[in-house]
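See structure below.
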Amino acid sequence: MGNSLISLLSIFHLLVLWGSSVNAYWPPSPGYWPSSKVGSLNFYKGFRNLWGPQHQRMDQNALTIWLDRTSGSGFKSVKPFRSGYFGANIKLQPGYTAGVITSLYLSNNEAHPGFHDEVDIEFLGTTFGKPYTLQTNVYIRGSGDGKIIGREMKFRLWFDPTKDFHHYAILWSPREIIFLVDDIPIRRYPKKSASTFPLRPMWLYGSIWDASSWATEDGKYKADYKYQPFTAKYTNFKALGCTAYSSARCYPLSASPYRSGGLTRQQHQAMRWVQTHSMVYNYCKDYKRDHSLTPECWR
């Protein structure tokens, strides 16, 4: 009886320790869920194929796109927006995906070639046994064209993005850009000047493509097409905001309960946890960079 009781207490102690360990590696609740304020959008009503139509398949309202040796694929929103909430549930492919980029992003590249704005969520493919890297980026007025001035922040997620769908979103307002994962803010990019913030209308895009020259460990590992096709699945599309044609009275959704924007204290705590435990690169802390080109880092 005594030994049995000791064994049970030992098991209970281990479970408590295990639970504490799990919670230690999971962000605290943000306390507010902006995705719940936006209804899902039928893919055919909100988007169109951009390229690689033969590498795109719909099953009800779940979209699969894939990359093989012949082509990748991409889609684009029908409407351009000047602000709004943009998201989707995405599930990534496990295994060897080095060199492959899966993305959800805002851009006006087709409207302003060589001088465009862009706000990115990109999943950088990986090798066996290593996690994906989620890269967020902001380009302003051609900083992604020719002379690259990226504003990258990279994260290793606290879950396996190949096991299930998770919701990834960009909330873009005239004051700030907030990147969210399952409604947890992971990055806030405030407007500090017109020269460092995208203000022109953009479209929402998604794509899968070969970026072997840089995607995985700066191009060390390339796409290997013996593992093709490389797939990505999207569902629960959300795109709600002020279009390029909306009146000046149109007001974008906020990431928090505050109509004026910003984040609550609880959301800040969740974001701080992510940036402490999951962020692996911050362009503002890269001292090899010329930060005269990124003045928002020192203002």
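Placed from the backbone N, Cα and C atoms, the Cβ positions cover glycine too.
Since this is a predicted model, take the numbers as computed values, not measurements.
Out of C242, C284, the record in Swiss-Prot bonds C250 through a disulfide to C242. If you check the recorded positions E118, E122, D145, I149, R289 against C297 (disulfide bond), none has a Cα inside 10 Å of its Cα. Within the same chain, residues at least six positions away from S213 (xyloglucan binding site) with a Cβ under 8 Å of its Cβ are G219.
The Cβ neighbour count for C297 (disulfide bond), using a 10 Å radius over every protein chain in view, is 17. For the domain 'GH16' (25-234), the model's average pLDDT works out to 96. Note on C242 (disulfide bond): other Cβ atoms within 10 Å of its Cβ, all shown chains, come to 21.
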